[in-house]
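Novice: Reproduced below are the annotations present in Swiss-Prot:
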ACT_SITE  H33  active site, proton donor
BINDING   26-33, 144-147, G173, 181-184  ATP binding site
BINDING   Q57  beta-alanine binding site
BINDING   Q57, Q150  (R)-pantoate binding site
Amino acid sequence: MEIIRTVAEMRAWRKQAGKLAFVPTMGNLHEGHLKLVAAARERAEKVVVSIFVNRLQFGQGEDFDAYPRTFDADCAKLAAAGVDALFFPSERELYPRVRQDFNVEPPHIQNELCGAFRPGHFRGVATVVTKLFNIVQPDLACFGKKDYQQLHVIQAMIADLNSPIEIVPVDTGRAGDGLALSSRNGYLSAEERAEAPRLYRNLSMIRDGLMAGSQDYAALEQAARDDLAAAGWTVDYVEVRQADTLEIAHAGEKRLVVLAAARLGKTRLIDNIEVFR
């Protein structure tokens with residue numbers, strides 16, 4: 001596996017890569033990331049993964065400085081997974097002018113759901129992904145459904161800007177007890193880790209209610225919020241939305257997604273379940 005640190009080297013490598021799949025990450029890799037790599041390997045001749053902890057998508061009081069940097073372990077995992085190249089730019093390499101005057105501004109959905117609690121987050125995501133796409137120039141890129149709102153923003157950006165890159169959604173990787181795999185799971189204490197699957201159980205409860213024909217989304221959402229709060233969670237949101245647009249869902253709609261974000265101790269967990277009736 002080649003390790004590429006500059007934009008010039010990445011562009012030179014890309015010229016001889018053939019059909020190229022790309023997996024952008026912030027490092028601290030786990031089995032969920034490797035699931036994205038496996039999906040990429042199935043679809044292209046070469047796979048490049050990037051590791052870049054993007055300051056622009058962290059808000060005030062968030063964990064940019066504390067975010068785990070595990071470069072050596074990440075390299076070993078990627079090499080074992082058959083990745084052809086790792087793009088590992090410095091902050092100065094990716095943001096050469098230091099200040100970033102031009103940004104990619106997502107639509108109104110960036111201010112809802114996670115965006116309501118993390119102002120500017122999706123602007124930072126859309127901007128860095130655009131920069132990485134321009135540098136790597138992949139044929140396709142794999143994104144996990146666990147970050148459902150992020151996936152929607154990237155898909156909308158690609159469609160609206162007429163980008164030729166194919167976006168491949170990959171199902172959420174889960175632990176045996178249902179907890180969605182996430183780098184932030186490492187922040188959980190042993191007691192919190194035992195409690196964490198409650199989030200997925202509540203999403204599953206809402207899914208079961210929807211599949212049974214319930215149209216009272218508000219009641220299902222409130223029951224989940226109440227259960228989480230009673231167990232000591234701080235709930236940001238639990239919402240049923242349209243799966244394809246993330247707009248507010250109305251009674252009778254067939255393609256839904258249930259999304260939630262809540263804090264367990266100091267750790268913010270997100271998850272979702274698609275419901276196609």
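Cβ atoms here come from the backbone N, Cα and C positions, even for glycine.
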Novice: Near H33 (active site, proton donor), which residues of its chain come within a Cβ-Cβ distance under 8 Å, counting only those 6 or more away in sequence?
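Specialist: Non-local contacts for H33 (active site, proton donor): V23, T25, V49, K77.
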Novice: Hey, what's the Cβ neighbour count for M26 (ATP binding site) at 10 Å?
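Specialist: Counting Cβ neighbours of M26 (ATP binding site) within 10 Å gives 18.
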Novice: How far is it from M26 (ATP binding site) to Q57 (beta-alanine binding site), counting Cα to Cα, in Å?
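Specialist: Cα to Cα, M26 (ATP binding site) and Q57 (beta-alanine binding site) are separated by 11 Å.
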Novice: Tell me which of the binding-site residues L29, G32, K145, Q150, G173 ends up closest to the residue listed as 'beta-alanine binding site' in space, Cα to Cα.
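Specialist: Checking each of L29, G32, K145, Q150, G173 against the residue listed as 'beta-alanine binding site', the shortest Cα distance is to Q150.
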Novice: What are the non-local neighbours of L29 (ATP binding site), defined as same-chain residues 6+ apart in sequence with CB under 8 A from its CB?
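Specialist: The answer is T70, A73, D74, K77, L78, S183.
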Novice: Roughly how many Å lie between the Cα atoms of G32 (ATP binding site) and Q150 ((R)-pantoate binding site), rounded to a whole value?
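Specialist: About 16 Å separates the two Cα atoms.
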